[in-house]
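Colleague: I have a structure I would like to understand better, so I am pasting it below and will then ask my questions one at a time.
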Amino acid sequence: MASSPTVLMRLVASAYSIAQKAGTIVRRVIAEGDLGIIEKTCATDLQTKADRLVQVSICSSLARKFPKLTIIGEEDLPPEDVDQELIEDGQWEEILKQPCPSQYSAIKEEDLVVWVDPLDGTKEYTEGLLDNVTVLIGIAYEGKAIAGVINQPYYNYQAGPDAVLGRTIWGVLGLGAFGFQLKEAPAGKHIITTTRSHNSQLVTDCITAMNPDDVLRVGGAGNKIIQLIEGKASAYVFASPGCKKWDTCAPEVILHAVGGKLTDIHGNALQYNKEVKHMNSAGVLATLRNYDYYASRVPQSVKNALVP
C-alpha cells in the first residue's frame, strides 16, 4: 500500500487548485468591467477588487485545510465572513502522486510559512497588460523558499479564441518545476528584464554596468522570472528596494528548481521566515545561467546604496 502524501505535497497540491481558482477570479473581475481600484500609498501602488477577492480566497482556503500554517499576504484586509464561492477545497491529483523529497518528508504544518501575492503586476492589470499578471503562492521552511505555485491567468490571451487561457506553474526543490517548457536565452546575449514602473538612477546604473544587448521593462516579479525560464531574458536586475517577500518566494523556487539562482544585489540568499521584514531592501538579482557574470558587474556604488 502506498504511503499517504506528506504535509508539503498536500499543501502544494492545494495551492495549485487554489491558484487555479484565483486565476478564474482575476479573469472574472476583468470581464465584469469594474476593477474597484484603490491607491494604497501612491499612484503606482494600487489594489483592485481582484487583489482583495483573491487574497481572501487563497488565505481562507489554505487556513481551513491547514489551520497551523503561518500565512502572510500582501493585502491588509479586515476579517470578514468569507463567501463560500471563494473557498477552494480541491487538491491537484497529479501533485499528490509525486514523491516528496526526503529532506521535507517529516515537515510539520506549523513549520511552514506561506507567502501570498494575490495579484503580482496590479498596475499592469489596471492598464490591460494582462500577460504581466501572476498569482503567487510561495512556501518556505526554516527561512528558505522550498515550494511554489504561479498562476498566469492570461497566458495565451493573444493566441486566438481557441487557445486555452491561463496556466499554472509549480515546483518543489529536489523534485523539479512543471507546467512550462524550459528554454535557454540566446547564447552570448545579455538581455536584462527589469522594472517597468519603479525605475531609478540606481536601477539604471546597475543595468548599464551589465553591458546589455537589450533591456525589457515589464511588470511583476513572477512575470520576470517566467521570462528567465522561457529564454526571453538572461537576467532579472532590480537594484532597488521595492519588491517584497511575497513577490519573490514562489518565483525563486521555480527558478532554483531548474538550476537558476536568485539573490539580493550583494549575492545574499533571501530569507522567508515569518519574523523577517517584508521588503527585499537590497534588491534582486536572478538568472537561469551565468549568474557570476552579472553578479560581478554590480557596481560597488550600487551595493553601498542598498543595505540588506
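Using N, Cα and C of the backbone, Cβ positions are placed for all residues, glycine too.
So Swiss-Prot has the following annotated:
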ACT_SITE  Asp51  active site, proton acceptor
BINDING   Glu74  Mg(2+) 3 binding site
ACT_SITE  Thr122  active site, proton acceptor
MOD_RES   Thr122  phosphothreonine
MOD_RES   Lys244  N6-succinyllysine
Colleague: Find, for the listed recorded positions Asp51, Glu74, the residue with the lowest Cβ contact count at a 10 Å cut-off, counting only other Cβ atoms.
Modeller: Glu74
Colleague: Would you count the other C-beta atoms found within 10 angstroms of the C-beta of Thr122 (active site, proton acceptor) for me?
Modeller: 26
Colleague: Taking Cα atoms as reference points, rank the recorded positions Asp51, Glu74, Lys244 by distance from Thr122 (active site, proton acceptor) and give the first.
Modeller: Asp51
Colleague: Between the residue listed as 'Mg(2+) 3 binding site' and the residue listed as 'N6-succinyllysine', what C-alpha distance do you get in Å?
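Modeller: It is 9 Å, counting Cα to Cα.
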Colleague: Around Lys244 (N6-succinyllysine), which residues of its chain at least 6 apart sit with Cβ under 8 Å of its Cβ?
Modeller: Glu74, Asp117, His278, Met279, Asn280
Colleague: In terms of DSSP three-state secondary structure, what is the assignment for Lys244 (N6-succinyllysine)?
Modeller: strand
